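Asks: One structure coming up, written as C-alpha cells, with questions to follow.
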Amino acid sequence: MRDSIVRLEKAAKAFATPEGQTVTALDAIDLDVSRNEFLTLLGPSGCGKTTLLQAISGFVQLDGGHILIDGEDMTDRPPYRRPVNTVFQNYALFPHMTVGENTGYALEVAGVAKAERTKRVGDALRMVGLEGMEGRKPRQLSGGQQQRVALARAIIARPKLLLLDEPLSALDKNLRQSMQIELKTLQHELGISFIFVTHDQQEALTMSDRVAVLSGGRIQQLDTPRAIYDQPKNSFVATFVGASNLFEGEAGSGQLVTKDGLSISHGRQGATGAATALIRPEQFFIAQSGDSAPGLDVDLEQIVFVGSTFELFGRTVTGRRVIAEIPAMRRSLVGEIEQSRRARLAYDPAAVHLLPAEAA
Amino acid sequence: MTSIAFRRRAQLAVLLGPVSLFLAVFFLGPLAIMIVTSFLAPGLYGGVEWTWYPHNYGRILGFADPMFEDFDPIYIAIFLRSLKIAAMTVLATLLVCYPAAFCISRLSDRWKNFCLFLITLPFFTSLIVRLFIWVLILRPTGLANEVLIGTGIVSRPLDLIYTDGAIILGMVYVFIPFMFMPVYASVEKLDWTLVRASLDLGAGPIRTFLRIILPLTAPGIAGGAVIVFIPALGNFVVPAILGGAKVMMLGNLIEQQFLAARNWPFGSALAMMVMTVMLVLLFIHVVVSGRRGFDPATGH
Amino acid sequence: MKIFATLARGSLIAYTALFFAFIYIPLALIAVYSFNANPVNMMTWTGFTTEWYAQVLGFKTKISENALYLESTSQLVEALWNSLIIATSTTAIATVLGTAIAIAVYRFDFFGRRFYRTIMFMPMLMPDIVLGIALLIFFVNSGINLGLKTIIIGQCTFLISYVFIVVSARLAGMDRTLEHASADLGANEWTTFRKVVFPQLLPGVVGGALLAFIISMDDLVITYFIAGVDVTTLPMFIFAMLRRGIKPEINAIAVMMLTFSFVIASLGLYLRSRQK
C-alpha cells in the first residue's frame with residue numbers, strides 16, 4: 001500500500017431532489033490520495049466532484065463508507081476538527097475583517113499567540129506575493145489578490161491536505177494560467193497534498209500528478225494526465241478529456257471494422273470482439289501522394305484557423321464526422337486541400353487506442 | 001434661463017411647495033413651540049408664563065428650583081426605568097426574532113413569502129386590540145392564571161398583569177415586525193460560504209457565530225434595535241393598558257402632565273428627553289453604519 | 001453528528017412554529033371567546049352566543065335592554081363614523097402630498113434633495129407622544145379649536161412620511177429608460193407622465209394610500225392628544241372602554257376590527273405580490 005494521506009472507503013451519498021427523486025452523488029467511491037500529491041477531480045457539473053470534496057472537508061455527511069485522513073477515521077468529525085482546509089470557489093473572504101485578520105483566522109481560533117500569529121501571517125502573505133497587505137479590506141483587492149488571500153488563509157495552519165474548489169474559475173484567462181503555475185509551485189514548496197476540483201480539462205491536465213475523472217457519482221478513471229489522455233478507459237473519459245474521434249466496431253487483429261464499413265488500423269495484435277477505436281485530432285496528418293500510412297478520405301466542410309493549428313471538419317463517404325488538427329506550419333498543404341475540398345487524413349496505427357466495448 | 005429649465009423649476013415648485021409649507025407649519029412649527037415651552041414657567045392654573053425657566057429640566061435631572069421644592073428623584077427614576085424597559089424590550093424582541101429569521105431565511109421562496117406575510121399582517125391590525133388580548137390573558141381571572149391553576153402549578157392567581165414583565169411582553173408583541181424585518185434582511189443577505197469557511201478553518205459553531213455570523217448581521221440588529229427602542233421609550237399606550245397605575249413610564253408621566261396636572265412646560269421638558277434620546281440614537285446609528293462602510297483607501 | 005444536525009434543524013423549526021403561535025394564538029383566542037356567552041368572565045366558557053355581535057351592531061338583544069349598553073352602542077357608531085371621516089380625509093391629503101414630494105425627490109435634481117430625503121423620515125420616527133403634545137401645544141397656542149380638523153392635520157404630518165416611503169420605493173425601482181423611450185417617440189412631458197410614469201407608479205400610490213388609511217384608522221396616541229373633548233375615534237373609544245373596565249362586547253368589536261384590517265392588509269399585500 002502506498003503512503004496515503006486521504007483514503008475513502010466505499011464512500012456513498014445520495015440527495016433527495018425537491019421533486020422527490022434521489023440523486024446518487026457518490027456511488028461507493030474508493031480513493032487513495034498519496035502524500036505530497038496533486039490530485040484533480042475532473043468532471044461535468046453534477047458529477048459528484050464537489051460532493052466528494054465536501055465529504056472530505058466535512059460539510060457533507062456520508063450515507064455509508066469511511067473517510068480516513070492520515071490514518072485517522074474522520075467520518076463523524078465536524079469540519080472544524082479536521083486537519084483539512086479549503087480554498088472556496090468565490091474565495092469566501094470575511095468582508096468585515098482585514099486581509100491580515102482573514103489570513104490569521106485559523107491561528108486565532110486555534111489560540112496561537114498574537115506575536116507568533118503576526119509573524120506567520122506575514123510569512124503566508126509573502127508566500128503568495130501579498131507582502132505588507134495586512135491592513136487592507138478584501139473588497140479593496142482585485143480578484144487575483146483575493147484569490148491569493150484565500151490561499152494564504154487556507155495554508156497558514158499547515159493542514160495535512162488542501163482542498164481547492166474551482167478556485168480559478170472566476171479569474172480571466174491570462175491570470176488563470178499564471179495562477180496554475182503558481183499553485184503547482186506552491187504545492188511543491190509546502191509539501192502537502194492538494195485536491196483540486198475543476199470542470200476545465202486543460203487545467204486538470206496542466207497541474208495534476210493524477211486526475212480522477214468523475215461521472216454519475218463514480219470515478220471513471222484515475223490516472224496520470226498522460227494516461228488519461230492517451231489511454232482513456234471508456235468513451236466518457238475519451239470525449240470529456242480532449243477532442244476525439246471514436247469509431248465503434250468489431251475489432252480484429254490490427255484492424256477494426258465499423259458498422260458503416262470503415263476500416264481502422266490499430267497496433268494491437270490479437271484484439272477481438274466489439275471495441276471502439278480512438279483517434280485524437282492531432283494524430284491525423286494530411287497524406288500526400290505516395291504515403292503508405294492508413295487514412296480516411298473525407299470531404300472537408302470547414303477549415304478553421306486558430307493560430308497554432310488549423311481545425312479541419314470533414315465527413316467520410318459514409319457520413320461520419322471527423323475532426324483533425326493540423327499544425328499551422330503545414331499551411332502550404334492546407335492551401336492545397338482548401339482548393340480541392342477533399343483530403344486523405346492519415347494516421348499512425350500505433351497511436352490508435354482501443355477502448356473496450358461498453359454496455360449501452 | 002431657458003424655457004425648459006423654467007418649466008422644470010415651476011413643476012418642482014408645485015410639487016414641493018405645498019408639502020414644505022405643510023410640514024414647516026404643522027411639523028417643525030409644533031416641535032419648535034414645544035422646545036420653547038419646555039423652557040417656560042408653568043402658570044398657576046395650567047397655562048404658561050413667558051419667562052425663562054430651566055427648572056423643568058432641573059426637576060428631572062436634579063437641579064430643582066430651590067424656591068419651590070426639593071429635588072425629587074422620582075422623575076429621574078422614571079426616566080431610567082423607561083430606558084431599562086425599552087432596552088429589555090429591544091433585547092427580548094431580538095431574542096424572539098433572530099432565530100426565527102434564520103429559520104425562515106432557509107425556507108423555499110414560497111414559504112418565505114408566506115411567513116413574511118404572516119409576520120407583517122399583525123402590524124396592520126389594531127394595536128389596541130392586540131394589547132387588549134393580553135389583558136384578557138394576563139389578568140387575575142384571565143386565561144394564563146386559569147391554566148396555571150387548572151393544571152395545579154399554582155394554587156392562587158399570580159400577579160401577571162400590571163408588572164414590568166407585562167409591559168415588556170405587550171411591547172414585544174406589537175414590535176415584532178419592527179425588529180424582524182431589518183434582522184431578516186441582514187440574515188437573508190448572509191453569505192453561508194463564509195460560515196463554511198470559518199468552520200473549515202477550525203472555528204467551532206459558537207466561535208463561528210460570534211466571529212462571523214453576529215458581526216455580519218449586526219447592521220440589521222442595530223437597525224431593528226433603534227426602531228424598536230424609540231417607540232418603546234416614549235410609549236404610553238402599553239403601560240396604560242398592561243401597566244395599570246402601578247408601573248409608570250415616561251409616556252404616562254407626559255400624558256399626566258398634559259391631561260391631568262396641566263403642567264405643560266414640565267411635560268414638554270419630559271418629551272424633550274424622549275426626543276433627545278431618539279436623536280442621540282439616530283446620530284450614533286448613522287455615524288456607526290457610516291463608518292462601517294468607510295473605506296480608508298478610497299475615502300468613501 | 002447527523003443526529004445533532006437533524007436535532008438542530010428540528011429545534012429551529014419548532015422554534016419558528018412557536019414564534020408564529022405566539023403571534024397568532026392570542027388572535028385566535030379572542031376570536032373564539034367573542035362567542036362566549038359568559039357575561040362576567042370572558043375566559044370561562046359557558047356557551048356559544050352571537051349576542052355580543054348583535055349588541056355591537058345595535059340589534060335588540062336580551063342584554064341591550066340595559067340602558068348602559070345602548071348608550072355605548074351609539075357612541076361606538078359615532079366613533080367609527082369619526083374614524084372613517086378622518087381616515088378618508090387624511091388618506092386623500094397624505095396620498096397627494098406624499099406622492100408629490102416623492103416625485104420631486106426622485107425625478108428632479110435640486111439643492112436640498114438629500115435634506116428632503118432625510119427629513120421625510122423624521123415624522124415617522126418621531127415618538128408619537130412627542131408629536132402629539134407638540135401639536136397640542138401648537139393648536140392651543142394658535143387658537144385653533146380641537147376637533148376633527150386638528151386630528152386630520154395632525155395625522156397628515158406623519159402619514160405623508162409613510163406615503164412618501166412607499167411611493168419612493170416604487171419610483172426608485174422604476175426603469176427610467178421607459179420615460180426616455182417615450183420622450184424619444186415624441187411624447188411630451190405631460191403625456192409621458194400620464195401614459196408611462198403614472199400607470200407604473202399607481203400600485204405604489206394605492207399601496208401608500210391603503211397603508212395611510214389603516215394607520216389613520218388605528219392611530220391612538222396623536223389623536224388622543226389633539227382630539228379635544230367632543231370627538232372620539234374608534235381606537236380612543238376602545239381605549240377608554242379598557243380603562244373603565246372590560247365588557248364582553250369589546251371582544252366582538254375587536255374581532256370585527258381585526259377582520260376588517262386583515263382583509264384590507266391581505267388585499268394590499270396580495271396586490272403588491274401580484275405586480276412583480
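Placement of Cβ uses the backbone N, Cα and C atoms for every residue, glycine included.
Copied straight from TrEMBL:
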DOMAIN    B:79-285  domain 'ABC transmembrane type-1'
TRANSMEM  B:12-41  transmembrane segment
TRANSMEM  B:74-102  transmembrane segment
TRANSMEM  B:114-137  transmembrane segment
TRANSMEM  B:166-187  transmembrane segment
TRANSMEM  B:208-230  transmembrane segment
TRANSMEM  B:236-254  transmembrane segment
TRANSMEM  B:266-288  transmembrane segment
Asks: Any contact between the transmembrane segment (B:12-41) and the transmembrane segment (B:266-288)? By contact I mean 3+ C-beta pairs closer than 8 Å, pairs at least 6 apart along the chain.
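Replies: Yes; at least 3 Cβ pairs under 8 Å.
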Asks: With pairs fewer than 6 apart in sequence excluded, do the transmembrane segment (B:74-102) and the transmembrane segment (B:208-230) have three or more C-beta pairs that lie under 8 Å?
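Replies: Since 3 or more Cβ pairs under 8 Å link them, the transmembrane segment (B:208-230) and the transmembrane segment (B:74-102) do come into contact.
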Asks: Is the transmembrane segment (B:166-187) packed against any residues at least 6 beyond its ends, judged by a Cβ distance under 8 Å, and which are they?
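Replies: Hits for the transmembrane segment (B:166-187): 85, 88-90, 92-94, 96-98, 100-102, 104-105, 116, 119-120, 122-123, 127, 130-131, 134, 138, 160, 216-221, 223-225, 227-228, 231-232, 235, 238-239, 241-243, 247, 249.
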Asks: With the transmembrane segment (B:74-102) as the reference, find which of B:114-137, B:236-254, B:266-288 contributes the most Cβ pairs under 8 Å.
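Replies: Top-ranked stretch among B:114-137, B:236-254, B:266-288: B:236-254.
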